[in-house]
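Peer 1: Right, I'll just put the structure down here and ask away after.
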Amino acid sequence: MELTFYIAAAVAVLSTIMVITRYNIIHALLYLVVSFLAVAVVFFTLGAPFMAALEVIIYAGAIVVLIIFVIMMLNLTQEDVQREKEWLNPSIWVGPAILSAVLLAELVYIVAAGTPPQTEGAVVAVDAKLVGLSLFGPYILGVQLCGIMLTAGIVGAYHLGRQKKKVIHRFLQERSAAA
Amino acid sequence: MSASTMEAALLLAGVLFMLGLISVLIRRNIIFMLISVEIMLNAAGLAFIVAGSRWVQPDGQVMFIFILTMAAAEVSVGLALILQIYHQLKTLDSDAASFMKG
C-alpha cells in the first residue's frame, strides 16, 4: 500500500509539472486529468475511497470537460486540419498514456491483492457513511452555505456568460430610421 | 499509515501547491492561470484529506467536499469571465486585461 502511494505521488508530481510546462491547452488538460487521477489514487491509499470517487467524477470529469467546452466555444482560429493531424502524433499522447498505465497497474494490483490482513499501522478507511453522518450532522450549516454559493455561482455564470444584445432606445431608432 | 508516509503525503500537497503557484506566476494565458488555481485548490484538499486520515475522523473529508463545491462554482464563474474577456479583447493574454476602464 505504501509503495502504491509513493508511485501515485510521483505520477501526480510528474504530470503536474507537465501541465504547467505545456504550450498547448489541450495537452495540458490531458496531463491535468492524469494528475487528478493520481491524486485520487493517493486519496484511496490514505483511506478516503469516497473522496477518491468524487475526485474522479467532479475534478477529472466535470471541471475538465467544462474547460474543454469553453476552449471549443472560444473557437480559436489558428486550428485547422493540419494542426488536428499534428495533435494525433504519438509523441503527444504517449506521455499521459504511460502515466495512466502506471495508475491502472496499481488499480489492478489493489483489486487482485484483495483485503490485506489488518496489521499494526495499517490504513483505517473512513467510509462514506461516516462522512455523510458528519456532513448532515455538525456541518449542516456548511452544506446550506454551499447550496447558497452554488446558486450564486449559477446566477453569476449565467449573467457573465450571456452575450448582450445591443439595445437602442426607441427615439434613437426613429432617428436612425429617419436618417 | 506510518508517520513517514503522512509526512510524504503532506510534502506532496506542498509540492503540488507550489507547482500551481509557480504556474500562476509564470503563465500569461488566462486559461492556464485558471487551471493552476484548480491545481492549488486540489493540493489544499489533499492536505485536508491527509489530516483527516491521520486522526481517522471524517472532518477532513467534509472539508474536501466543501473545497470541491467551491472549486466547481469558481471554475464556472471563471470560465464565464474568460468568455467575456475573450469577446471584449479578442485575446487570452491576461496582460491585455490590466486596465479597469468599463
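Every residue, even glycine, has its Cβ placed from backbone N, Cα and C.
Just so you know, TrEMBL annotations never went through curation; they're auto-generated.
This is the feature table in TrEMBL:
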- A:6-23: transmembrane segment (TRANSMEM)
- A:30-50: transmembrane segment (TRANSMEM)
- A:56-76: transmembrane segment (TRANSMEM)
- A:88-112: transmembrane segment (TRANSMEM)
- A:139-160: transmembrane segment (TRANSMEM)
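Provide an account of the burial state, proximal residues and distances for the features listed.
Peer 2: Within the chain carrying the transmembrane segment (A:6-23), a Cβ under 8 angstroms from the stretch's Cβ atoms is held by residues 31-32, 34-35, 38-39, 41-42, 45, 95-96, 99, 102-103, 106, all 6 or more beyond its ends.
Long-range Cβ contacts of the transmembrane segment (A:88-112) within its own chain (Cβ-Cβ under 8 Å, at least 6 residues beyond either end) map to 4, 7-8, 11, 14-15, 18, 27, 30-31, 33-34, 37-38, 41, 44.
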